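Below: the structure, in structure tokens.
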Amino acid sequence: MGNTCSNTLGIPPAKGPNAVGCTDFMMDHTTQGSFFRLYYPCQVTETAERPDWVPCREYFNGLADFLKISRTLSERIFNCLFGSFKIPASLDAPFKSNEKCPVVIFSHGLGAFRTLYSAICAELASQGFIVASVEHRDQSASATYYFREKTEEEKANKNVPINSAQPNLVEEWMYYRNLQHRENEFSLRNTQVKQRADECILALDKLTEINSGISVQNVLQTQFDWTTLENSMDLCRISAVGHSFGGATVIEALCKEVKFKCAIALDAWMFPLDEEIFPRVKQPIFFINSEKFQWAGNISRMKKLESAVIQRKMVTIRGAVHQSFPDFTFLTSNWIGKLMKLKGDINPEIAMDLCNKATLAFLQRHLGLQKNFNQWDPLIDGRDENLIPGTNITLLQSAI
């Protein structure tokens with residue numbers, strides 16, 4: 001990825017005391033394996049490489065499919081708009097932390113993929129968390145990939161591209177699956193949200209193995225030394241964070257796995273969830289919403305998770321839109337951003353700062369962290385000029 005039409009935009013650097021590293025992990029080359037980008041506190045290195053925000057052209061193709069526009073045209077547009085942006089983290093930098101790190105599993109939204117929420121993930125890592133940003137294989141990502149074994153014919157064919165790291169494997173791409181004509185959407189999305197939750201749990205299982213010193217095989221063969229993560233994680237302090245479809249995913253994950261102590265749902269899309277699971281979710285949840293995305297039916301489903309004994313909080317960011325949470329909001333000019341609904345009326349950095357600080361305060365409260373994130377406790381209750389306590393949506397009693 002090489003071009004850009006702007007050099008004044010970019011994803012803001014993380015604000016915490018730690019430098020941030022990132023690396024990619026794929027265990028088991030099939031679609032049943034785990035695939036995530038890991039963000040972590042790292043050593044400061046002078047020669048560190050910052051990875052491309054969009055790793056390769058296939059992801060641009062996936063975004064085009066998701067948006068239902070021409071791949072040829074969109075590749076030029078996307079490469080012009082986003083092609084040279086970098087993630088604010090050092091690729092494969094050595095891990096470094098003076099204490100055990102709490103763990104966050106992050107779940108992306110519909111049509112997204114593992115790299116698009118680096119402003120959130122890098123900030124958490126800079127504050128001492130290890131964050132696994134899962135790339136989902138349920139066909140809700142705009143694009144993802146895996147590997148399959150070469151056939152005997154392909155092994156004999158000299159024209160089949162050879163992967164030097166894995167010579168007997170062939171890269172296969174999986175693109176976003178559109179809803180079919182007359183297909184029941186709830187049936188599809190509910191099946192997907194269950195798979196997504198399982199993928200979050202699988203990522204946590206892999207981190208648990210890495211933490212215990214079990215030797216892991218990374219199909220991607222990066223330069224990162226995974227043995228340095230042995231005994232690095234505080235596995236009593238695990239949470240889940242997700243945006244949109246990812247917001248629903250983390251609620252499903254809480255129901256399936258009690259190791260998740262709490263969740264933050266960013267502008268959650270509640271439709272995929274079966275309401276029968278709601279009474280089985282026992283952990284605290286924090287809904288952080290944008291002002292422009294929510295509607296009564298969606299908010300009423302969030303409110304069905306309210307509890308007299310388990311903390312369930314909700315705030316709304318004034319002037320924010322649904323795309324105020326992914327990195328896109330930082331990477332377009334004001335007029336293009338508003339035209340494409342990637343920017344709201346609020347300054348993107350102010351919105352992201354509020355989101356990250358409120359998240360950190362909630363995580364400290366419910367993971368029992370000994371940090372200073374409680375200085376942002378008022379944000380949990382919506383006490384800021386740019387926040388609305390609860391929601392801006394008026395609900396009829398019948399909707400509740």
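Cβ coordinates are placed from backbone N, Cα and C, and glycine is handled just like the others.
Keep in mind that what you see is a predicted model, and the values were worked out from it rather than measured.
For S244 (active site, nucleophile), the Cβ neighbour count at a 10 Å cut-off comes to 24, with all displayed protein chains included. The feature active site, nucleophile is assigned by TrEMBL to S244.
Listed in sequence order, H243, S244, G247, I288, N289, S290, F293, Q294, H322, F325 are the same-chain residues six or more apart from D267 (active site, charge relay system) with CB atoms under 8 A from its CB. Taken from TrEMBL, the feature active site, charge relay system covers D267 (among others).
Taken from TrEMBL, the feature active site, charge relay system applies to H322 (among others).
Around H322 (active site, charge relay system), taking its Cβ as the centre, 21 other Cβ atoms fall within 10 Å, counting all chains.
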